């Protein structure tokens, strides 16, 4: 499996190998909860219900205006957050591990709660590392999935929690505006439009990002965090 990672810039196209999922994540397909996260959620929930949890708004770490726009629309007023661009190192490896490490690093810089994102377009057929155009011509299997991983750290001393959203689809020749990563070449299953061609409202109903953020919102509602805004 090969993943094409969407960078903070508009047209990021670095390739990374995807390995199997680790425990302690929330997944939009299975909604499983790892043991470490279950314990931390139980503790956080008890503290919050007793009115002892108080924090600044969550800092969403991004320098990508398009990404920030989508997150604002999807989250609405459900979670108080602010955005900040941080100079975090470019990491290689498993996407979930990358997201967790970025959350740790960001929390240490911000000294408060942070939310970071790692996004990949994963190609089912690739065994080597050709470019996208070569892949489209050379392989019959165009199936792929878009994956979004949000990692939340409530502060420097908190173990990050990850939330994974996936949307199945296929790779197609580019269609639509070329202003947001690989949106022009990903057509979600059940649609005849690429992400880039879809109305924003429609994309935000089924996208990998919206599915991951739905899990983030559920976590905040369940944990009952109290924020000083």
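Glycine too: its Cβ is placed from the backbone N, Cα and C atoms.
Residues annotated as ITP binding site in TrEMBL: 62-67, 102, 118-119, 180-183, 203, 208-209. In the three-state DSSP assignment, the secondary structure recorded for residue 119 (ITP binding site) is strand. All protein chains shown were included, and the count of other CB atoms within 10 Å of the CB of residue 119 (ITP binding site) stands at 26.
Around residue 90 (Mg(2+) binding site), no same-chain residue at least 6 positions away in sequence has a Cβ under 8 Å from its Cβ. According to TrEMBL, the feature Mg(2+) binding site maps to 90, 118.
Just so you know, of the binding-site residues 66, 102, 208, the Cβ with the fewest other Cβ atoms around it within 10 Å is the one at 66.
For the binding-site residues given as 118, 183, the lowest number of other CB atoms within 10 Å of the residue's CB is seen at 183. Taking only the Cα positions, the spacing between residue 62 (ITP binding site) and residue 118 (Mg(2+) binding site) is 10 angstrom.
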